[in-house]
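Engineer: The structure that follows is given in the form of C-alpha cells.
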Amino acid sequence: MAFTPFPPRQPTASARLPLTLMTLDDWALATITGADSEKYMQGQVTADVSQMTEDQHLLAAHCDAKGKMWSNLRLFRDGDGFAWIERRSVREPQLTELKKYAVFSKVTIAPDDERVLLGVAGFQARAALANLFSELPSREKQVVKEGATTLLWFEHPAERFLIVTDEATANMLTDKLRGEAELNNSQQWLALNIEAGFPVIDAANSGQFIPQATNLQALGGISFKKGCYTGQEMVARAKFRGANKRALWLLKGSASRLPEAGEDLELKMGENWRRTGTVLATVKLEDGQVVVQVVMNNDMEPDSIFRVRDDANTLRIEPLPYSLEE
C-alpha cells in the first residue's frame with residue numbers, strides 16, 4: 001500500500017477518545033465482481049446477501065464445510081458486486097478458499113490494495129467529516145458513496161466511520177484533518193472493535209470457531225432462512241440443537257504481558273486457576289488497562305476472575321453493547 005500508515009499511539013477507550021483519524025493497515029479489502037457475484041456469495045457466507053441493499057453493510061462469516069470460520073467479512077455492495085474488509089493476516093487464505101468453486105461462475109475475486117482504508121472516530125467525528133463530504137452515513141443509511149469514496153457507519157462503541165477511498169482522497173482527508181485530529185494506526189480501531197464486541201479473526205484463529213462462538217448471530221451476521229451455503233448444516237445445528245456452548249466475551253483489567261491470539265487464559269476456581277478460553281485480540285490502553293477479546297464457555301459467571309497465564313494481575317468481564325438472548 002503506497003499510502004503510509006500513521007505512527008502508533010497508545011489506544012484510548014471510546015468514552016475518552018479525542019477526534020482521531022486512523023490508518024487501518026491491519027485490515028484489508030477484497031472484491032467480487034461479475035454477473036454471478038450475488039449468487040456466488042449467497043452460497044458462501046452466513047448472511048443473506050440477496051436481501052442486502054446499497055445502504056447496508058454487515059458482518060458475515062465465510063466457513064469451511066464443518067461450519068468453522070475462515071474469516072468474518074464486513075460486507076457491502078461495491079460496483080456490480082461486493083467488497084469486504086477483513087484482517088489482513090487472513091485475506092490470502094480466505095480468498096484461496098472462496099475461489100475454489102469460482103471456475104464454474106462468472107465472477108472475479110481479487111484482493112484490492114489500490115484503495116485505502118481509514119477510520120474516523122472520537123469527539124465530534126461526524127462534525128469533522130460533515131465539512132468534507134456532502135452526505136454522511138447514519139443508522140438509517142449505513143453506507144454512503146461519493147465519488148471514489150465509500151463511507152460505512154458504526155454505532156458501537158460510539159459513533160465512528162470507516163472510509164474506503166483512493167489514495168488522492170486519503171491524502172486530502174489527512175491534510176484537512178491533520179490539524180484538529182490525532183493520527184493513529186490500526187491498534188486504535190482494533191481497540192474500538194474489541195469494545196464493540198466485533199469478533200477479530202486473525203490467522204491464529206482461522207478455521208477454529210463456528211460463527212455463534214463469536215456472537216455473530218447477535219450481530220445480525222447469520223441468516224437461518226436463506227438457502228444452502230458452505231458450512232450451513234453445522235451452523236444451523238448449533239442453533240436448533242443448542243450445540244454451541246461458547247460465546248465471545250470482553251475482559252478488562254491489567255496484565256504484565258499481552259496474551260496473543262490463540263493463547264488461553266486462566267479462570268480462578270477457589271484457590272486454584274484453570275485454563276480456559278481462546279484469545280482473539282488484545283490491546284493495552286493509554287490508561288494502562290488491558291482489554292481482551294476471548295471466546296469462552298457461554299455460561300461464565302459475571303463475577304468470574306481471569307488472568308493471563310501465571311500472571312499476578314487479574315481481568316474481569318465487561319458488558320458488551322448487545323444482548324446474546326435469542
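Cβ coordinates come from backbone N, Cα and C, glycine included.
The structure displayed is predicted, hence computed values, not measured ones.
Found this in Swiss-Prot, in case it helps:
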- Trp27, Trp189: folate binding site (BINDING)
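Could you place the listed features in the three-dimensional structure?
Structural biologist: Within 10 Å of the C-beta of Trp27 (folate binding site) there are 21 other C-beta atoms, taking all protein chains into account.
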Engineer: Are there residues of the same chain, six or more positions away from Trp189 (folate binding site), whose CB falls under 8 angstroms from its CB, and which are they?
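Structural biologist: The list for Trp189 (folate binding site) reads Met22, Leu24, Trp27, Gly119, Ala121, given in order along the sequence.
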Engineer: Taking DSSP three-state, what's Trp189 (folate binding site) in: helix, strand or coil?
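Structural biologist: Its secondary structure by DSSP: helix.
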